[in-house]
Amino acid sequence: MEVMPQPLTIVILAAGLGTRMKSRHAKVLHQAGGKTLLQHVIDTALELAPAERIFVVVGHQAEKVRQSVTTPGIGFIEQTEQKGTGHAVLIGRHALAGLDGHLMVLYGDCPLLRTETLRRLIAQAAEGPAAGVLLSAMMDDPYGYGRVIRDSRGHVLDVVEQKSGTPEQLAIKEANMGIYCFRAGLFWEHVGEIEPNNPAGEYYLTDMPAILHRAGHTVEAMRIDDPAEALGINDRAQLAEVDRIFRDRKRRAVMAAGVTLIQPETITIDPAAEIGQDSIIESFAQILGKTKIGENCRVGSCSIVSDSTLADEVHIGAFTIVTTSVLEHGVHAGPYARLRMENHVEAGAHIGNFVELKKTRMGKGAKANHLAYLGDSEIGARVNIGAGTITCNYDGFKKHRTGIGEGAFVGSNSTLVAPIDIGEGAYVAAGSVITNPVPPDALALGRARQEIKEEWAKKRRKLAKT
């Protein structure tokens, strides 16, 4: 049975710029798997400790990093000079030293760490006498990683960095992953002994195992099977690889829950998205943000559904974009439709090809099957919107509302100049420009009367020849 130390304090190191990213943005602000690298690590930490026991060390672009964190209650410690990982923790001593229990150190650019792995690390730290436990992995090529030096009993004596190791030490395949869980009291007692004895003049947290060993304490290492789990991101290629891993994890979880993905490797599903059983997501679709999709739905190829809610049996045709909208049971949208923002489409309604909705409510069974723009509108149940209909909702200064009552029929190529209301059961003749309210059950015609001029074309052609 796992033993979880209580309480646990977590420090996340996120002060670096990440020069190899070749970016104007701090490294931890880059996104993989639908969230910033830092937010991934924070979300993992929240599975282990309350927000008030989680602290982020910030440095480069400190204010932007603070603002990027979506979790209330997280503490921040500013490292104005980046002098190494040991220094990053040491400057938080006044804020953290009074917190007993265990202290875990994580990195803001290591988003792939699983909660289960960290629980095992914490349990090992709690069960035994060790002053600290570090995470390690066996690697075929550990170049660039610190090597874990053990004694005959398997205890950690030291972590030797690539630049300072002897050939014998560098031949060791066990690499330090840089994740630690210390007994807080012993850590704060000895962390001040770290010295900048390296060409960079920095204070390295990797010195702590040797310091604790010299003080007569035991340090252990817990090996993980997959080194990629603790992969830190240093450049764009690694960022892309981590994003791929996140996407693959999510796709596998979705399929395990009963969702069919057609060509799954082409599909993007964000971590917070939810998809119901027996739904089908076609190739190259993107399910983004906090989208919730019900059961027996289908999302067509190359469609994008973002921060929206789809009830059961909703069908999204290919190349359709749905943003911050609600689609009730049995709605059909697309192909090539756009539900731009804040729309609510009631049960059984149809939004056809090349139809755009913006801040519009469509009633039950309403239909706009072809080539229409409906903005800032309230459309009643069973309304039929003909092809080419547009609501003229903007007068150059303000947006205006269009209301269409239940059972109304709007003919093709109609222009509805808002603000305007069309009553229940009313008809709008095709080609009309409607500028005044239409009473219920009335017929509105707003077009020029057709005129026929016999033989006009024949005379025009004859004239052109002269």
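Cβ atoms are placed via backbone N, Cα and C, with glycine included.
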| note | Among Ala368, Ala426, Ala430, Ala464, Swiss-Prot assigns to the acetyl-CoA site of Ala387, Asn393, Tyr394, Ser412, Arg447 just Ala430
| note | Comparing local Cβ density (other Cβ atoms within 10 Å) for the binding-site residues Asp109, Glu161 points to Asp109
| query | Among Ala387, Asn393, Tyr394, Ser412, Ala430, Arg447, recorded acetyl-CoA binders, what is the largest CA to CA distance in Å? | reply | 22
| Tally of DSSP helical, extended and coil residues in the region 'Linker' (237-257) | 20 helix, 0 strand, 1 coil
| Asp109 (Mg(2+) binding site): which of the binding-site residues Arg340, Asn384, Tyr394, Arg447 is the nearest Cα neighbour? | Arg340
| task | For the region 'Pyrophosphorylase' (1-236), would you mind checking the mean pLDDT of the predicted model? | result | 92
| message | Run through Leu13, Ala387, Asn393, Tyr394, Ala430, Arg447 for me and report the binding-site residues whose CA is within 10 Å of the CA of His370 (active site, proton acceptor), in sequence order. | response | Ala387
